[in-house]
Every structure is written in structure tokens, then in C-alpha cells.
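This structure is in C-alpha cells; I'll ask about it shortly.
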Amino acid sequence: MISVQHVGKRFRKLQALNDIDVSFEAGQVVSLIGPNGSGKTTLIKSILGLVRPDTGTILFNGRPIATDVNYRRHIGYMPQIGRYPDNMTIGQLFRMIRDLRREETELDEELYFRYKLDTLSDKSMRSLSGGTRQKVSAALAFLFNPPVLILDEPTAGLDPVASGVLQEKIIREKNKGKLIVITSHVLTDLEEVTTHVLYLQDGRVQLHETWEALRKRTGEHKLGRAIARLMEEGTAKHEFLYLKIAN
Amino acid sequence: MLKISRYVLYDIARNKVVLAYTLFLLLVSLGLFQVEENPSKALLSLLNIILIVVPLVSMVFATIHWYNSYEFLELLLTQPLGRNKVLLSEWAGIGGSLTFAFVAGVGVPVLIYGGSAAGVSLLVVGVLLTLAFTSLAFLASVCSRDKARGIGAALLLWFFFALIYDGLVLLILFAFSDYPLEGITLALSCFNPVDLGRIYIMLHLDVSALMGYTGAVYKDFLGTAAGMAVTLGILALWVVLPLAIANRIFRRKDL
């Protein structure tokens, strides 16, 4: 469904993405994990067309995303830090987005109501707490019932109840056969839903396999443990290299 | 596209800066026409104020509005909307509201008191300058992610076109005063929309005699219908070109 082909991106000195070559299919829940600054958000933003890769192409349903922006109507995006016009109220924001995408008929307002955003519709975006802002982002991402959902740190800043609501929602959408890409550092959140694990480090794909295969390979049943083991091996390799150079 | 512009306009209407700008222009124009007996003289005074104020306000307002609505633009770009569309809608919203302010603030008094050819040309030039400096402001804004730097660049551009450029031209004229420079002066003024606007209106006011020999050359070339069309064409280029470059940069930018 989404095919990322040899994508590279450099920000001045930092090689944010280095020859990323992966593809995601419908029905998968991909956990995109990696240490801070490993290129997760850059990869997501490249898929959304917010960051222009230096090399490589990204295909959505077989068509390059650079030529036509309409593919974005099939993606619901929840940013890591939701930034919205300060002087708009929640109600105005939702009305505007719906107005801009009037052709969409089928709306999914479940999160909007479950997060009780309708009762807050007169609140300006400026006055919202981080968590409420996150709820707005989540409700917007699911609003048009898109076949692809890209969620960047969805549970960060949400209280346990809201986080649970979101988890349930993700599972339900997964069962509908949607493609869901999630990044998170709270790995226990991912464990239950994930089907594939994509591990990035320093802008490179270190690992891309199914959660089941990973479980068998590492012998760990917790995603956190499995990843921690991989990370340790990774750093061990680094240290080894360093020692080799130093001596 | 118009839909997005509508939301930009809605946002501008709420912050009342444009309303204040309209009232300011209205007061100045009405005041000048009241004080001066001769509407032509009043137009000349008005011209001098407009040539300073219109570029400055267009530039500063457009830049600040751009940076303040950055979140709005980012949000739009996660929706199925192209970058061209988003940038042009934003430009249309800002340029449209500033044009409205100018036409309401200056146009109405001018048409009441001095509805001559000169008055109309003042309006045309004012509108073109508004749009040209909005485009320049967009160019300054897309080049930098940092708000302070963007506004600084916008102010510098204004400073350059409103003040420094004339000084440079004068310097060249003095340094090479032994040579025939009329053609070059003419060409040089094309590189500054403010100068171009000033000359265009001066010719309509028949004060070009005061500008000496160069004035005569101006009159010779720009006084003809073709010359005037060319002047307006170049002013229009000052609207289109910076916007096109800004659009190009914005399309490739990482957000």
C-alpha cells in the first residue's frame, strides 16, 4: 500500500534517513520504533509529503506521492505535537476541516464524542492542555475514516482512560483491515496491537519483521525486552567497532 | 482554493489590524483633501505618504500573518491540499484584505475629491504596490523558518526599496554625471517598484517638468500610452515574480 523506496534525507550535518527501503500493506499494524532522533518522525513526514526526501521515491498504491496530493485523503495523521491555529475554537477547527473536505460523506466521530470534545467546542485551541490537544489530534486523524492511519506518539500526554479509549479504537480499526503505523516509546502500548516491527537507528532500518518472528528469534514475549536486547546488541557492536578503531 | 482564502480572511477580519489601517488611510486622505485647496497638490502629498506607508504595512503585516498562521498552514498540508494551493490562498487572503483596505481608505476620498486620471492612477499604483510587497513579504517569509529573521528580512527589503535604493541611484548619477545617463536611470527605476509607482503618478500629475532633463526623458518614454502600459506591466511583474519564486521555494521546503 505504501512503498518507501531507497529514501534518503539529510538535514545539514545529520543524515536523518539513510536508504530506507520498506513497504507497508493493508491489515498491518506497524510499530515504528527507535531511539530519539533515529528518523521516525522524518520518515512519517516524508510519507505525508511534509518533508521532501533527497533521494528515492515513495509510492502510495503504486503511484508516486510527489505527483498528486490526493493520496492524503486516504491517510489520517496524528502528529507528535499537534499545532493548531491559536485563535480558533475546537468547534471552528472541526467545522473548517470538514468544510475543506466536504466531498467525504462517511464520518467517524466516535473519538470526538468519546473524548467529549463536543462539550468543549467553544474552547479556543490556545487554552487547551497538552492532553486535550492530543485528543483533538486523535479525533481529527480518525474523522474521515481513512484506510491508512499514521499515529506519531499517540498516547504521549493522554491520561490512562483516554489512552485506553484510543487503544480500543486502534484495535477496532485494525480489525477492519486498515494499515496503521504507530510510533511510540511506550512499548507496552504497542505489544497488543502490533503485527510488524520496524526498528530504526541513525536513519537506517535495523530490523523489519513480524512481531511473531521477532518473538521467536529473541525468545522474549515482551516487546520492550526484545527491543532492549536488540539495542544492547547494537550498541555492543558499536563499542566493538570503536575499540577496534581505538586500538 | 477560495474556501481556504475565506478562512484566512475570516482570521484577518478578527484581529482588526486591517480595519485600523483602513481608518488610518481614510483619515489621512480625507485630511489632505480638506487642507489642500488644489486636489492635484493634495494627491501629490498623498502620494508621498502612500509610497512609504503602503509598502511598509503590506510587508510587515503579511510577514507577521504568515508566521502567525504557520500552524494553520501545517494543518492544511496534512490534508489533501497541494502546496501551491495553500500558498496562493494565503496570498490571496492577505493581498485581498490589504487591497480592500487601500481601496476603501484611499479610493473613496480620491474618487470624491480628485477623481481625475491622476487620482485613478494613484489607486492603480497603490493596489499594485500592495500586492507587490505582499509577494515580497511571502518571499522573505518562506526563506526562513525563524520569525524574527523573516520579519527582519522583510523590513530590510522595505528599507532598501523605500530609502537605500534611491540613494544608490543618486550615487551612480553623481559618479557618472559626465555621461548621458537618461536611459540607465530609466532602466534603474524599473528595478524598484516604489520608484516606478512614483514616476508613473508624477507623469499623470504633470510635475515631470520639475524633474529636469531626466524628467523629460521619462515623459518621452513613459508618457506615451505604450510606455505607461510597460510601466504597469513591470509593476505587475513585481507582483508575480516574487510570488512565483516564493511558491517554488515553498514547494520544496521541509516543514
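Including glycine, each Cβ sits where the backbone N, Cα and C put it.
Where the annotation comes from TrEMBL, it is an automatic prediction and has not been curated.
Owing to the predicted nature of the structure, the values given are computational and were not obtained by experimental measurement.
The following feature annotations were taken from TrEMBL:
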type	residues	note
TRANSMEM	B:43-67	transmembrane segment
TRANSMEM	B:88-112	transmembrane segment
TRANSMEM	B:118-143	transmembrane segment
TRANSMEM	B:155-176	transmembrane segment
TRANSMEM	B:221-245	transmembrane segment
Should anything in the same chain at least six residues away from the transmembrane segment (B:88-112) have a Cβ under 8 Å from its Cβ atoms, list it; otherwise answer none.
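Sequence-remote neighbours of the transmembrane segment (B:88-112) are 1-9, 11-13, 18-19, 21-26, 28-30, 33, 43, 46, 50, 54, 57-58, 61-62, 65-66, 69, 73, 119-120, 122-123, 126-127, 130-131, 134-135, 138, 243, 247.
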Quick one: find which recorded stretch in B:43-67, B:118-143, B:221-245 has the most Cβ pairs under 8 Å with the transmembrane segment (B:155-176).
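Comparing B:43-67, B:118-143, B:221-245: B:43-67 has the most Cβ pairs near the transmembrane segment (B:155-176).
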Other than its close neighbours in sequence, what residues sit by the transmembrane segment (B:118-143), given a CB gap under 8 Å and a spacing of at least six beyond its ends?
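Same-chain residues near the transmembrane segment (B:118-143) but 6 or more away: 39-40, 43, 46-47, 50-51, 54-55, 58-63, 66-67, 87, 90-91, 94-95, 98-99, 102-103, 106-107, 110-111, 150, 153-154, 157-158, 193-194, 197, 200-201, 204-205, 232, 235-236, 238-243, 245-246, 249-250, 253.
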Please indicate, using numbers and ranges, the residues of the same chain that are 6 or more beyond the transmembrane segment (B:221-245) and have a C-beta under 8 Å from a C-beta there.
88, 91, 124-125, 128-129, 131-132, 135-136, 138-139, 186, 190, 193, 196-197, 199-200, 203, 208
